[in-house]
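Pulled from TrEMBL, these are the features on record:
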type	residues	note
TRANSMEM	6-24	transmembrane segment
TRANSMEM	36-52	transmembrane segment
TRANSMEM	58-81	transmembrane segment
TRANSMEM	102-121	transmembrane segment
Amino acid sequence: MIYKLNLLGFLLIVVAFFLGIKLPDWDFKLKLRHRNILTHSPFVTVIFIALYETDTSYFFKYFIVGFSSAIAIHILFDLFPRKWHGGALLKIPFNGITCSKETTKLFFIATSLVSVFLAIFY
C-alpha cells in the first residue's frame, strides 16, 4: 500500500530519526554497559511495531520509518571503532557476557539489515 507523505509525516520521520540516532547511546543514561544488546538491536523498534499493530495510525508508521532508519545508521557507524575491545564489543546484560569481535560484527550487520528492512517494508 502506498501512503501519501504529508508535511506532518515528514516531520515525524525527522523527529523519530533524531531520537533513533541517539537511542543506542542511552545505555549510559540507563546505567547499562556500553553497546548493550538492549539498545544496540532492533528490540525497541519491534516494540514500536507491536504498538503500531494496536493503533494503526499512519503517523506512527512514519515514526517507525525514521526511528528504524536511524538505528540502522547508528549501528553501521558502530562497526568502525578505533579498536575492537572493551567498549566496542556487544554486551549481554543478563549474564555479563561480552561478545567476541566476530560475534559483535555479525550482530551489528544483522541489526542494520533488519532495521533497514523494517524501515522500507513495514
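Note that the numbers count up from 1, one per residue, in the order the chain is shown.
Keep in mind that glycine also has a Cβ here, set from the backbone N, Cα and C atoms.
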Handout entry: Highest-contact recorded stretch vs the transmembrane segment (102-121), from 6-24, 36-52, 58-81, CB pairs under 8 Å
Key = 58-81
Completion exercise
Other same-chain positions with a Cβ less than 8 Å from the transmembrane segment (36-52) and lying at least 6 residues past its termini are 23-27, 30, 60-61, 63-64, 67-68, 71, 75, 78, 90-93, 107-108, 111, 114-115, 118, 122
